[in-house]
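**Student:** I have a structure I would like to understand better, so I am pasting it below and will then ask my questions one at a time.
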Amino acid sequence: MGVHAEFVLSAVAQGQFPQDGLPEVALVGRSNVGKSSLINALVRNRKLARTSNTPGRTQALNFYRVWPQGKPRPEGEPQPDKDAGRTALSGPVLQAARESGAFYLVDMPGYGFARVSEAQRREWARLIEGYLLTRGALRGVLQIVDLRHPPTRDDVTMREWIRHHRLPSLCVATKADKIGRTAWPRHRQVIARELGLDGDGEPLVLFSAETGLGRDDVWRWIREHVQDWTFDM
C-alpha cells in the first residue's frame with residue numbers, strides 16, 4: 001500500500017486541535033510559498049490540500065492525517081464513511097494508526113501577507129506561536145521558502161525564532177523547477193547565508209512539487225523526527 005492522507009479539520013483555536021495524540025509536523029512559511037503543493041507532492045495527491053494563487057488563502061491551522069503505509073481497517077471495524085477523516089480517532093482505529101506510524105501534517109497560515117489587517121496578523125501570530133510552543137504532539141517544523149528569491153525579513157525572523165526555541169526543523173526551498181538547474185547553487189547559497197544555515201549544520205533541501213525533487217529528503221527527515229517506520233513512498 002502507498003501513502004494515504006486525509007484532511008481532518010481546520011482549527012482557529014487550540015481547543016479545536018485533534019486530541020488523539022498522534023505526532024505532528026508543522027509547515028510554516030510566507031503566503032503563497034507552496035506549502036499546500038508540498039503537502040500534495042509528499043502524499044502524491046494533488047487534490048488533498050487546496051492550492052491557490054491568491055496569497056493568504058490559508059487562515060487557520062489545517063490538519064492532514066497521513067498514513068505512511070496506507071490506511072488499515074482493523075478487523076471488525078465497519079468501512080468508514082466519507083467523513084471519517086474529520087473525526088477524532090479512538091479505539092481500534094487509533095491503535096491501528098499508532099502501530100502504522102500515522103501522523104499529522106499541519107499547514108499553518110502564511111506569514112508576511114500584507115492584505116490583512118494588523119489585528120488579523122496579530123491573531124495569526126498568536127495562534128501560530130501558541131501552537132509551536134505548547135503543542136505536546138509537535139515533533140518538528142518544516143520552514144518553507146521560495147528558492148527563486150532571497151529570504152524575506154519574515155523568513156529570517158521565523159528562522160531565528162525556531163532556532164531560539166530549539167525546535168527541530170528542516171528548511172525546504174520550493175519551486176526549484178521554476179529556475180534553471182545551473183542557478184541552483186547560487187540561489188541556495190544566498191538562502192543559506194541569509195538564514196544562517198551555513199555554520200550550524202542545519203540542512204537546506206531543494207524541492208519541486210512538479211518533478212519530485214527533494215521529496216525523498218523531506219520524507220527521510222520526517223521519518224527521523226516522527227518515529228521509525230518503513231513505507232512505500
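Using N, Cα and C of the backbone, Cβ positions are placed for all residues, glycine too.
Note that the structure is a prediction, hence the values are computed from the model and not measured.
Annotated GTP binding site per Swiss-Prot: 29-36, 56-60, 107-110, 174-177, 207-209, in sequence order. Residues or ranges marked as Mg(2+) binding site by Swiss-Prot: SER36, THR58. Taken from Swiss-Prot, the feature compositional bias 'Basic and acidic residues' covers 72-85. Per Swiss-Prot, the feature domain 'EngB-type G' maps to 21-228; the stated evidence is sequence analysis. Marked as region 'Disordered' by Swiss-Prot: 68-87.
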**Student:** Across all protein chains in the structure, which of the binding-site residues LYS35, LYS175 has the highest Cβ count within 10 Å?
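**Tutor:** Per the Cβ count within 10 Å, the most buried is LYS35.
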**Student:** PHE207 (GTP binding site) has how many other Cβ neighbours within 10 Å of its own Cβ?
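**Tutor:** Neighbour count, Cβ to Cβ under the 10 Å cut-off: 27.
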**Student:** Looking only at ASN32, SER36, which of these binding-site residues has the biggest number of Cβ atoms within 10 Å around its Cβ?
**Tutor:** SER36
**Student:** How does the model score the domain 'EngB-type G' (21-228) in terms of mean pLDDT?
**Tutor:** 86
**Student:** For PRO109 (GTP binding site), which of the three DSSP-derived states applies: helix, strand, or coil?
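**Tutor:** Going by the DSSP assignment, PRO109 (GTP binding site) belongs to neither helix nor strand, so it counts as coil.
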**Student:** For GLY29 (GTP binding site), list the number of other Cβ atoms lying within 10 Å of its Cβ atom.
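**Tutor:** 25, counting other Cβ atoms within 10 Å of GLY29 (GTP binding site).
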**Student:** Test of understanding: give the count of other CB atoms lying within 10 angstroms of the CB of ALA60 (GTP binding site).
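**Tutor:** By my count, 16.
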**Student:** By the DSSP assignment reduced to helix, strand and coil, which category contains SER36 (Mg(2+) binding site)?
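**Tutor:** It is helical.
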